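Input: one structure, supplied below.
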Amino acid sequence: KNMSDFSLNITDCIQVVVPEEVFFTVAAAGILENLLILIAIVRNKNLHLPMYFFICSLAISDMLGSLYKTLENIFIILCKMGYLTRHGDFEKKLDDAMDSMFILSLLGSIFSLLAIAADRYITIFYALRYHNIMTLRRALVILAIIWTFCAGSSIAIALFSHEAATVIPFTILFPLMMFFILCLYVHMFLLAQFHAKKIASLPTSTVHQRTNMKGAITLTIFLGVFLCCWAPFVLHILLARFCPHNPYCACYMSIFHVNGMLIMCNSIIDPMIFAFRSPELRSTFKKMFYCSR
């Protein structure tokens with residue numbers, strides 16, 4: 001808020017404000033949709049596979065992002081009503097906890113996407129050995145390592161967010177991981193096209209290859225949506241840290257609420273992609289709603 005007020009003094013750009021009701025509505029929709037994904041995967045034993053466990057990890061990250069914005073708006077409303085002060089000791093600890101939740105959501109999403117990309121890579125190019133390489137136990141170990149690292153990093157970054165030595169690695173991690181996943185995609189698709197030409201004469205292999213490539217395309221959609229929704233906010237963090245006095249930077253920071261809304265939209269779009277691209281999930285949803293009726 002202080003940064004937003006300061007930006008209004010050095011730029012003519014009007015701050016774009018999104019009503020709290022819109023934030024609550026979008027956040028609630030994101031939480032419910034991702035909760036449905038988790039319930040569907042838990043209930044359907046056919047979905048108890050490493051790939052779907054990684055999808056659960058991504059859904060949990062999306063839920064944390066929506067929950068963060070919900071708690072933040074509640075905190076702001078309580079401050080406006082006079083029940084909380086902005087500079088109290090309890091409020092500072094609460095703010096650090098919410099910041100940690102936000103960073104955990106971002107890091108969890110990045111590493112979940114990386115895990116899904118690695119899983120798709122193994123599925124495509126090591127199909128015959130996939131079940132020996134990516135066992136359920138290894139998938140759970142990978143997820144435990146990911147969330148332990150993300151939790152520790154989120155706490156450290158939230159506590160030392162005022163230090164440039166903390167902000168720089170955090171902001172560099174985002175494009176670095178995205179570049180790594182992008183390189184993995186390019187390598188994946190180039191090799192997939194080469195292999196597809198070789199096995200074109202084998203009908204069963206072709207069907208298997210098409211199925212695996214469909215999963216890779218789904219992951220590409222996830223990555224595109226993730227970049228569109230999170231990149232503006234990461235850019236906001238960089239500008240607020242390194243050029244807060246620049247009028248152009250301040251003008252961009254005036255759409256802070258819009259960038260926050262994009263993050264929550266990511267939580268809504270991801271479950272829709274799950275439901276649209278996975279026949280097994282669609283079938284599970286139909287069964288769930290049919291039984292509820």
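Heads up, the Cβ atoms here are built off N, Cα and C, so glycines get one too.
In case it's useful when we look at the structure, here is the feature table from TrEMBL:
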- 33-274: domain 'G-protein coupled receptors family 1 profile' (DOMAIN)
- 22-42: transmembrane segment (TRANSMEM)
- 49-68: transmembrane segment (TRANSMEM)
- 102-128: transmembrane segment (TRANSMEM)
- 140-160: transmembrane segment (TRANSMEM)
- 172-194: transmembrane segment (TRANSMEM)
- 215-235: transmembrane segment (TRANSMEM)
- 255-276: transmembrane segment (TRANSMEM)
Looking at 102-128, 172-194, 215-235, 255-276, which one has the highest count of Cβ pairs under 8 angstroms to the transmembrane segment (22-42)?
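So the stretch in question is 255-276.
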Is the transmembrane segment (140-160) packed against any residues at least 6 beyond its ends, judged by a Cβ distance under 8 Å, and which are they?
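Counting only partners 6 or more residues beyond its ends, the transmembrane segment (140-160) has Cβ contacts under 8 Å with 53-54, 57, 96-97, 99-101, 103-104, 107-108, 111-112, 115, 166, 170.
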Looking only at the recorded stretches 102-128, 215-235, 255-276, which one has the largest tally of CB-CB distances under 8 Å to the transmembrane segment (172-194)?
102-128
